[in-house]
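These notes are about the structure you will find just below.
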């Protein structure tokens, strides 16, 4: 007994103190909603509609420091019925979200993902007054929003991170990137895009003006086949012609105009200039003339909004239409700052660590030029990590407490991306895949123009792919040895205003999926699934099955308002059906690989 007590005491002495990151708030992997009280205990209830949720999937939720009701009731239940506010884990809600990961033929999986809600002010666009207020000036069926720091409806966060050279960087992004975004929103003093100064904002609950169940909005979508849309045919059998792969000609749509959410321009310029200066001192090279797209001109950026947006704003000055867009600070600026800050912290933390092999390892980037003592941040493993990670995240904000997957609920989607992970939408009316990201490869004209001033040459490997400094991606987190020539984590940001039931679902994939399947093939596979969870599994399994050398594959499927009509637009899932069947047959034919 004495020996056991001594061992416990010694273990407590040797135990290191928890770092600040370990004490940080855990990620909200759940969403909050109302459910009938009887549905949280289905085994004790009798009669009536039940959700039949297991007890561990319907945890009662108590708002922090407030007695307000934090979410909208389901449309089938009246406000007078006894309701319970519950937390539902998003990753377990297979009818709303699905994820599937596979290591393929690799020894281990370097991909990670994240899904849940984050604490930032709403950035969605306000709805017209006629849809949100009654004649008396209040919202019909008003329900108080969720208990976020700003009192706004929940903001959902989805991300896929594709690591290379190891899992350290992708793991860091999974655990920390959302905190950089939350901290950035506080530093830049973002305010809710739904609030009106001088007036308390009123929110409506479920969109009763468009039908309690949203059926009217769903049926209002007129499906049609886009001109020139034809089924994709497989190549002739037993020829050297290759099947269509993951190279799509569709270009991402133009980003919607940003919305001003902060007046703290001076403070923002100080934060931006400090970060740009830190990159110059740490790396130099490309970052000596680096101009972030959404940073202020005085901070060395390109301005908080594009010149086109400013010109459009001048045209609206004499208009009676309210203009929420301006050249001020919005969520786009915060996202750019969060990406660059996270990348800076990760790279600077690696500089202060020892190489795995002092003889064979590469020399640290400009280690003789770094000012001050090396960083001692606990990011990554104990040894220097020279790999990196690509990243795609999607943020969804709604103007009302109605969830974004409700057929009658509009929402705002913002995609921030660097690398070759992809985000796709499925258009309900046409059934076509709508990409929100571009693959940041040297073959992309925008990236080639950006890097040719700094990179000596682009090398083409044996597979015909261009590479810069040995990398296939021109934008990524980490990759410290390639920072000097411009491999940065500057995100490509795109804002989309989603109308009710305009899109059926959203897909986030790593290059282990998009490298072998076209955008339309990915979307068509999901159309045939009954739930997003099944769709994610089907996409990942199909990508690894048809690939000769399967890479790590990750698929996230998120339900949107038009999910119930996902197979009605255009050619449905038949557009690539024949091609997909042929590819499966070829993959299972041993002679086809000879």
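Using N, Cα and C of the backbone, Cβ positions are placed for all residues, glycine too.
Bear in mind that TrEMBL entries carry predicted annotations, made automatically and left uncurated.
Your range for region 'Disordered', going by TrEMBL and the list 543-568, 569-594, is 569-594.
Counting residue by residue with DSSP, the compositional bias 'Basic and acidic residues' (577-588) contains 11 helix, 0 strand, 1 coil. Mean pLDDT across the domain 'PPM-type phosphatase' (96-560) comes to 81 in this model.
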